Amino acid sequence: MAKKLFTSESVTEGHPDKICDQISDAILDAIFAKDPNARVACETSVTTGLVLVSGEITTNCYVDIPSTVRQTIREIGYTRAKYGFDADTCAVLTSIGEQSADIALGVDRALEAKNGEMSEEEIEAIGAGDQGMMFGYATNETESYMPLAIDLAHRLARRLSEVRKSDILDYLRPDGKTQVTVEYEDNRPVRIDTIVISTQHHPEATQERIRRDLLEHVVFPVVPSELLDESTRYFINPTGRFVIGGPQGDAGLTGRKIIVDTYGGMARHGGGAFSGKDPTKVDRSAAYAARYVAKNVVAAGLAERCEIQLAYAIGVAQPVSVLVETFGTAKIDEEKIGELVKNNFDLRPAGIIKTLNLRRPIYRQTAAYGHFGRTDLDLPWEKTDKAAALREQAGL
């Protein structure tokens, strides 16, 4: 039996980089609530006592960005100056411009439309907002069709915030990280080898109490007991102290947790971040579409694991390439799966936006604890509504 260990991490909503992701997406949502056709590329940076919001936004509506920033920080839990960062006293600076006219030219009217290659109906198609490649992944090793390590890391991080906000563990503070190492035998998860949790805390909380409480209230309620054994290792605040955290401890930036946002390193990544971007940016929308395709392929039973690569040219609606990789787990020929994908999914940016109904204020909720496998949310790219048709067309 081939054994191997695989590790993924997650972070809480109070992590500096995740604060930035949530602010960027909160601004996007606030704009989309008033102007669904807005173009938004919003970047955020945080450090001790300071938030800087910059980027390019083209819209016909007004949004109070400083108020949106402060409300987001308040909801995360930075509400006291003693935490080193406070929603009411931090400075908020903004530097916003409009989308480049050259980029808008390519997005507004796709290259195929300008060349007269599309029907009147298809002229509505939007050209890709940039070049690049995006990946989507799914596996049948969990009910969420996500790799087990990242699935558990997210659930632990979310639980860490829950016990803080509900005052079950009232000495916890917003910043925190989790990490899970899974042991695989013949590519199937069999046990948890290591769990790491680091959480910001009140200076008077002892290491012994933190360890005992986190095992009782976070680890054991989340991780299935059959995956734990006497050899499982637990590292709880392994430095021994985590009082200085959040933006006081580390500066944060939007888009710095792209592996946490996706598949925990189990799948490849094209390099583009999600938060703060409207769906004409294929970095976001095509990555969601690739997950949608991969999940439906696996849910249909066409493969046990599936990775989809999509690639685009700026201003061109049709993807320049679509690749299906099943890692030797396909039940039918991979080329046949590729044909089914092309026949059942519209992977032009306009097609993705329409299919997944992406011009809505749904993004802030995705900006912490992962964009995929979210059983706690009703996200359109997580639906398996194409699985039955794929299975029937595959003859299974």
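Positions of Cβ are set from backbone N, Cα and C atoms, glycine also.
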Swiss-Prot feature region 'Flexible loop', matched against 77-87, 99-109, 253-263, maps to 99-109
Nearest to Asp250 (ATP binding site) by C-alpha distance, among the binding-site residues Asp17, Glu43, Lys281, is Asp17
Closest by Cα to Lys257 (ATP binding site), out of the binding-site residues Asp17, Glu43, Glu56, Lys281, is Asp17
Nearest to Arg241 (ATP binding site) by C-alpha distance, among the binding-site residues Asp17, Glu56, Lys281, is Asp17
Longest inter-residue Cα distance for the ATP binders His15, Asp175, Gly176, Lys177, Arg241, Phe242, Asp250, Arg256, Lys257, Ala273, Lys277, rounded to the nearest angstrom, is 36
If you measure between the CA atoms of Gly176 (ATP binding site) and Asp17 (Mg(2+) binding site) and round to the nearest Å, you get 11
Within the same chain, the residues at least 6 apart in sequence whose Cβ is under 8 angstroms from that of Lys277 (ATP binding site) are Leu28, Val40, Ala41, Cys42, Asp283, Arg284
Under a three-state DSSP reduction, the secondary structure at Lys257 (ATP binding site) is coil
